[in-house]
Amino acid sequence: MASAKEAVRLASRLCQEVQRQLSAEERVDKKDDSPVTVADYGAQVVVAWTLQRADPSTRLSMVAEEDSTELRTPAGRPMLDRITALVNSVVAAAAPGEVLSPEQVLDIIDLGASQGGPSGRHWVLDPIDGTRGFVGMRQYSVCLGMLQDGEVVLGVLGCPNLPQGPVGDDDGATGSAQRLSGDADVGCLFFSERGQGAWVEPLQNAGDAAPAQVRVAEVTEGAEARFMESVESRHSSHSINAALARELGVVRPPLRMDSQVKYGLLSRGCGTIFMRFPPATYKEKIWDHAAGFVIVEEAGGRVTDAAGVRLDFSKGRFLALDRGIIAAPPALHEKLVAAAAKVAPKA
Ligand SMILES: Nc1ncnc2c1ncn2[C@@H]1O[C@H](COP(=O)(O)O)[C@@H](O)[C@H]1OP(=O)(O)O
Ligand SMILES: [Mg+2]
Ligand SMILES: [Mg+2]
Ligand SMILES: [Mg+2]
């Protein structure tokens, strides 16, 4: 756990640095039209490097989002050089004297090409979840999980722009990062090991405050619930969520936030429901849910597909899901699955 937390802390620091100085040239659009920045690659390198260094005798098996294909082309070279410089600024602080070459950076990125599966130990990484939020100066998270024989047994979620205290409806909005980042009470690190509960501590300056155990809210009625969803309606249907919320009698407006920070907020009772209904053609990846899944379960919540089936991380890089994802405290979760059968039935 210590090296996983250290890895996420270091990667989060790199991301914060880049978000501060983000410029258009540092962003390219991938084939699926999703953006990727130097920070996505850099954070993946920093996490893989930290974990491999903590256990040098075993070759790391990691299921991670980014690969080096674009960076190995001539057009990708300036970006590779920028990533290498960024990574070395973090490496220098963690291991004085150590310097990575661009070729080593490419090879470390490709440590993330594991297929995962039902046996053995595999790390699961989304170096930046919510890249659209990251470039839009909103919320994002660095998400690291670990699979042991197909079960998520560890999760760490670094949320650099998330307030440690109450979260307002505007804290996920465009530009909120300028307002929030740098404040001493902003930045959360959620973590959990299977069977050990879920915990949160400040992302930076750890040691200033003891970790606090978190629990999902004890809410059983929709009227008391605050539901959370994507900022981007192309990632998750706002209208299905609104129909489900209506069915449950939810009165508060949705809290819109990018990335797995929503799982973190659910685990600490700040939001009570998280629902995600992507387009039918979209295949969910395990790195988009692994860390948040174990944290919410260990905080007493349930995370399933729309049919109420617990997420299964043992099937490789993707999740096989019925329609979407519903995460909530048990009593509300049961009502939401019943409502989904009515409002968003299986096609
Ligand atoms: N077309 C898409 N449909 C659904 N989800 C997407 C799509 N493109 C990217 N994503 C992923 O949705 C997640 C963000 O969800 P949210 O909308 O809740 O922030 C991210 O994992 C993001 O990937 P990425 O990790 O590259 O940012
Ligand atoms: Mg991406
Ligand atoms: Mg993601
Ligand atoms: Mg990502």
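Cβ atoms here come from the backbone N, Cα and C positions, even for glycine.
Pulled from TrEMBL:
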type	residues	note
BINDING	Glu65, Asp126, Ile128, Asp129, Asp288	Mg(2+) binding site
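Positions of the features from TrEMBL, shown on the structure.
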residue	record	Cβ within 10 Å
Glu65	Mg(2+) binding site	23
Asp126	Mg(2+) binding site	32
Ile128	Mg(2+) binding site	33
Asp129	Mg(2+) binding site	29
Asp288	Mg(2+) binding site	22
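Excluding the listed site residues Glu65, Asp126, Ile128, Asp129, Asp288, the same chain places Asp40, Leu125, Pro127, Gly130, Thr131, Ser141, Cys143, Ser259, Gln260, Lys285, Trp287 with Cβ atoms within 8 Å of the centre of the Mg(2+) site Cβ atoms. According to DSSP, Asp288 (Mg(2+) binding site) sits within a helical segment.
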